[in-house]
Amino acid sequence: MAEISDLDRQIEQLRRCELIKESEVKALCAKAREILVEESNVQRVDSPVTVCGDIHGQFYDLKELFRVGGDVPETNYLFMGDFVDRGFYSVETFLLLLALKVRYPDRITLIRGNHESRQITQVYGFYDECLRKYGSVTVWRYCTEIFDYLSLSAIIDGKIFCVHGGLSPSIQTLDQIRTIDRKQEVPHDGPMCDLLWSDPEDTTGWGVSPRGAGYLFGSDVVAQFNAANDIDMTCRAHQLVMEGYKWHFNETVLTVWSAPNYCYRCGNVAAILELDEHLQKDFIIFEAAPQETRGIPSKKPVADYFL
């Protein structure tokens with residue numbers, strides 16, 4: 001019981017956007033690893049569930065998400081990756097989600113995004129933030145080790161496939177995803193990379209991605225994949241959509257974006273998708289948390305790069 005009360009105290013601290021001690025991060029990551037190592041590359045999730053897209057260290061907007069969507073454990077959540085980078089509070093955001101995962105493992109599912117990577121976080125903010133807030137890279141090391149244990153995808157009620165980016169020309173079936181050795185840094189190419197980097201595009205077949213990783217995939221590819229796996233749709237994140245969510249290919253692919261006013265300047269709204277026990281869909285649209293609730297960030301954001 002002492003462990004749970006410790007964890008509850010840490011969750012309360014993190015909810016207030018207060019850091020926990022480095023030794024507590026180490027212990028939290030060790031517990032998280034024990035839970036995550038048991039999860040499948042295609043983690044099974046039961047409805048009802050609320051599906052969320054990118055957060056990118058926008059901690060106060062994550063709090064707003066919980067305000068409109070309900071708290072853990074009352075609401076069952078699936079987050080589709082990109083917890084860190086670009087926002088001011090990647091450390092607090094990731095540690096809060098991880099602490100909730102350890103405390104309520106059956107009520108929150110975290111899958112990996114392309115930013116859950118050592119290489120990417122060294123460029124886009126998380127590494128520098130860990131260094132600034134903890135005075136060393138140790139916390140970054142603990143967290144990036146956990147990234148390697150995150151599931152690559154999820155399947156809700158056997159019918160809705162959830163993944164950060166999209167499909168891969170190397171993957172026709174969910175069973176092929178299940179055979180990937182995920183406990184590694186995100187590779188530069190290949191199926192694991194594609195799942196985290198690809199985007200839908202109004203085309204047929206496969207196209208070269210302007211991102212330099214993953215592929216563009218067309219409606220025919222999705223139709224084949226959905227039929228082969230007897231699923232209704234693919235749900236993904238990875239791309240900013242100004243309206244918070246966007247349907248593609250006759251409602252067979254859905255993009256969900258959950259970081260409002262992305263990078264504190266894009267002016268977009270955010271969305272989360274509520275699925276009931278019959279997989280009926282309800283979108284909740286929300287805006288950035290009001291300025292007065294935010295506190296003052298400790299540093300200007302990282303330099304601009306393409307969004």
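Here the Cβ of each residue, glycine as well, is placed from N, Cα and C on the backbone.
What Swiss-Prot records for HIS115 is active site, proton donor. Marked as Mn(2+) 1 binding site by Swiss-Prot: ASP54, HIS56, ASP82. Residues annotated as Mn(2+) 2 binding site in Swiss-Prot, with similarity to another entry given as evidence: ASP82, ASN114, HIS164, HIS238. If you look up Swiss-Prot, you'll see ALA2 marked as N-acetylalanine. Taken from Swiss-Prot, the feature leucine methyl ester applies to LEU307, supported by similarity to another entry.
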Self-check item: CB contacts for the residue listed as 'N-acetylalanine' [other CB atoms within 10 A, all chains]
Solution: 6
Quiz item: Including all protein chains displayed, how many Cβ atoms other than that of HIS164 (Mn(2+) 2 binding site) lie within 10 Å of its Cβ?
Solution: 26
Self-check item: Distance from HIS56 (Mn(2+) 1 binding site) back to HIS238 (Mn(2+) 2 binding site), taken between C-alpha atoms, in Å
Solution: 11
Quiz prompt | Tertiary neighbours of ASN114 (Mn(2+) 2 binding site) (same chain, Cβ under 8 Å, six or more apart) | solution = GLY81, ASP82, ILE120, HIS164, GLY165, VAL186, LEU196, TRP197, ALA213, HIS238
Exercise. Would you list, in sequence order, the residues of this chain other than ASP82, ASN114, HIS164, HIS238 that have their CB within 8 A of the centroid of the site's CB atoms, where the site is the one recorded for Mn(2+) 2?
Key: ASP54, MET80, GLY81, GLY113, HIS115, GLY165, LEU196, TRP197, ALA237
